[in-house]
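*Asks:* Submitted below is the structure of interest, expressed as structure tokens.
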Number of protein chains: 2
Amino acid sequence: MKEFSLIDTYFRDVSFQRKDVLLGIGDDCAITQIPTGQALATTTDTLVSGVHFLPDADPRAIAQKAIAVNLSDLAAMGAEPAWLSLSLSLPDVDEKWLEAFSEGFKELTEYYSIQLIGGDTVQGPLAITITAQGFVAADQALKRSGAKPGDFVYVTGSLGDAGLGLDILLNQAQVTNSEHSTYLLNRLHYPSPRVFAGTSLRRVASACIDISDGLLADIKHILHASQCGVCLQLDKLPLSPAMLESVERDTAFHYALSSGDDYELLFTVSEEQKSSVERVLASSNVPATCIGQINGAVGKVDLKFNDESYAYSKTGFEHFSHNEVSSQHNNTKRA
Amino acid sequence: MKEFSLIDTYFRDVSFQRKDVLLGIGDDCAITQIPTGQALATTTDTLVSGVHFLPDADPRAIAQKAIAVNLSDLAAMGAEPAWLSLSLSLPDVDEKWLEAFSEGFKELTEYYSIQLIGGDTVQGPLAITITAQGFVAADQALKRSGAKPGDFVYVTGSLGDAGLGLDILLNQAQVTNSEHSTYLLNRLHYPSPRVFAGTSLRRVASACIDISDGLLADIKHILHASQCGVCLQLDKLPLSPAMLESVERDTAFHYALSSGDDYELLFTVSEEQKSSVERVLASSNVPATCIGQINGAVGKVDLKFNDESYAYSKTGFEHFSHNEVSSQHNNTKRA
């Protein structure tokens, strides 16, 4: 039996079935059909046990997060998700774990009408690599490089929740309100990729990225790719009631600016498109907040609070950036 | 910086550049363009240190093998390779290792005119996951399911060399002729995916698979998918001079039947197509040997030597099949 057999056993029938999949799991490759006029968007993300999730994390949540982080990348391009490939590295065959993992997989593939088209299972330390493929017309893809001075900066949803959720999980923060605590932990474990927001932003956003490493770290990618700077109004940052009622204001800003795993979209919009973007997002019930404006100070991030300068120096975690890393939770390490 | 930064630093410029890549490394997704009339073929394979290669293996060889095993899957579908995504899990940033790995990557992407379009680098145990994408017309894809009783069974190249090479590496076999030894080790470290043979077999082969887990293990996938049986003539097995001059005949059969990592193509051809297949392969200098014939005994493999029955029971290694695995070299473990 090829290594596909495990994929076959646990995943063949749980996935949503699409008509554009001509050949799915069970051959040397999957064969799929791209709609006429569309380009292919491809992204790959790996989650490693002990780095991106706790070794004893719920396998259902691991599956859904592994899918969500990939769909978030597709969303950030304005692409419509279609197919997933799964590489699963497992220390041993734990049927209970595999069943829960595949159950989580099933739920999300059905929700997004996407199909698992193949993959590989190997023996090794627990790690999940997903490659997600989707469609977008070539001239409508939302790149990081289109922001221009004067453009307005938006984010979807609220920021920092997953970071506070992780600190709750690690006993580094206490949230006594159990409803808030549950909400924050769910934001960490079950991120909601902004797939619909992404496709809605085609033609109207000038640049887009998803926030996976923190607002500050990720906006710098737009600044770098677009050769511009930004002024952010911290008083405009969208913070959830759970965040606002659980921590001090400056701590909330810290989570919003520097903690990872939010998987919200960060995008820029020209003045001419501002009203139409707001109309589109409102009519589709996507919460989005204008938090600042692009300027010409290349690479610079200017933070303001009520129009006053706000001093802040901490950046999101960088993989490998310190040449020393602890064995766990590096994704949220802060300098 | 996103995790892409490592990919950016070491891989952005080393890869072959294709015109159908509209957006490569450095955004949330790659954007690529499929030629009109072609379907997309996708495959994913993971190599784990200590399982698929020795921890101290040459990084250049690791890179090339990781690419080759994926291209071999594309070849087995008759697909033309186009793009790669790379997920690299690294315990730390070892610049020398990364340079050698990216050098190996560069050589093979240039040789096959394929482009690295993106990926992910994460901290974790050394493992490489590659997703390869290519093209094939939907009605020309070589599946496992098309073999029919009476079809002839062919393999490209020679069988068992990589298995004997691994045993040399592990001091479980001795090959005193240094030329043979080098050849056998190269077959293990630098497999040559049969990309050109694969595309040549479109329209003429009735079924196809690549031999990664051993002839016996892999032909069973064709038998299962095509609901048929096979009779193999061991005296016809293509064995290299290095193999023939290094081990006894029965040992050579064992390597050819059961050892993995050959990455030759195994395919079936109807009687009507037999002469045209042989013409096509001869004119393109692809060595291929007829080793048997498909029959109606569903799932059965009948082994003959000079038309006499040949008793043999060992099968290729199955990942996880024994619920106990040693920490190294499982890919060649034999029951």
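Cβ atoms here come from the backbone N, Cα and C positions, even for glycine.
Note that the structure is predicted; figures quoted are calculated from it, not measured.
Taken from TrEMBL, the feature domain 'PurM-like N-terminal' covers A:26-136. The feature Mg(2+) 3 binding site is assigned by TrEMBL to A:D28, A:D73, A:D210. The annotation substrate binding site is assigned in TrEMBL to A:H52, A:D261, A:F317. According to TrEMBL, the ATP binding site annotation covers A:G119, A:D120, A:R144, A:S212. Taken from TrEMBL, the feature domain 'PurM-like C-terminal' covers A:148-297. What TrEMBL lists as Mg(2+) 5 binding site is A:D213.
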*Asks:* What's the longest C-alpha separation between any two of A:G119, A:D120, A:R144, A:S212, the listed ATP-binding residues, in angstrom?
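*Replies:* Overall maximum Cα spacing for these binding residues reaches 32 Å.
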*Asks:* Among the binding-site residues A:D120, A:D213, A:D261, which ones place their CB within a distance below 8 Å of a chain B CB?
*Replies:* A:D120, A:D213
*Asks:* Here's one to test understanding: among the binding-site residues A:D28, A:H52, A:D73, A:D210, A:D213, whose C-alpha is closest in space to the C-alpha of A:G119 (ATP binding site)?
*Replies:* A:D28
*Asks:* If you measure from the CA of A:D261 (substrate binding site) out to 10 Å, which binding-site residues from the list A:D28, A:D73, A:D120, A:D213 are inside that radius?
*Replies:* A:D213
*Asks:* Using a 10 Å radius around its CB, how many other CB atoms surround A:D210 (Mg(2+) 3 binding site)?
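*Replies:* The answer is 26.
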*Asks:* Cα of A:D213 (Mg(2+) 5 binding site) to Cα of A:H52 (substrate binding site): how many Å, rounded?
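*Replies:* Cα to Cα, A:D213 (Mg(2+) 5 binding site) and A:H52 (substrate binding site) are separated by 12 Å.
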*Asks:* Quick check on the domain 'PurM-like N-terminal' (A:26-136): DSSP residue counts for helix, strand, coil, in that order please.
*Replies:* 35 helix, 45 strand, 31 coil
*Asks:* In angstrom units, rounded to an integer, how far apart are the Cα atoms of A:S212 (ATP binding site) and A:H52 (substrate binding site)?
*Replies:* 12
*Asks:* Near the residue listed as 'Mg(2+) 5 binding site', how many other Cβ atoms are within 10 Å of its Cβ?
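*Replies:* Around the Cβ of the residue listed as 'Mg(2+) 5 binding site', 26 other Cβ atoms lie within 10 Å.
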*Asks:* Judged by the number of other CB atoms within 10 angstroms, which among A:D28, A:D73, A:D120, A:D261 is the least packed of the binding-site residues?
*Replies:* A:D261
*Asks:* Which one is it: of the binding-site residues A:H52, A:D120, A:R144, whose Cα lies the shortest distance from the Cα of A:D73 (Mg(2+) 3 binding site)?
*Replies:* A:R144
*Asks:* Please give the average pLDDT for the domain 'PurM-like C-terminal' (A:148-297) in this predicted model.
*Replies:* 96
*Asks:* Under a criterion of Cβ-Cβ distance under 8 Å and sequence separation of at least 6, what residues of the same chain contact A:R144 (ATP binding site)?
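*Replies:* Correct list: A:A207, A:C208, A:I209, A:H221, A:I222, A:H224, A:A225, A:S226.
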*Asks:* According to DSSP, does A:R144 (ATP binding site) sit in a helix, a strand, or coil?
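*Replies:* SS state of A:R144 (ATP binding site) = coil.
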*Asks:* Can you grab the distance from A:H52 (substrate binding site) over to A:D28 (Mg(2+) 3 binding site)? Cα atoms, rounded to a whole Å.
*Replies:* 30
*Asks:* About how far apart, in whole Å, are the alpha carbons (Cα) of A:D120 (ATP binding site) and A:D210 (Mg(2+) 3 binding site)?
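*Replies:* One finds 27 Å between the Cα atoms of these residues.
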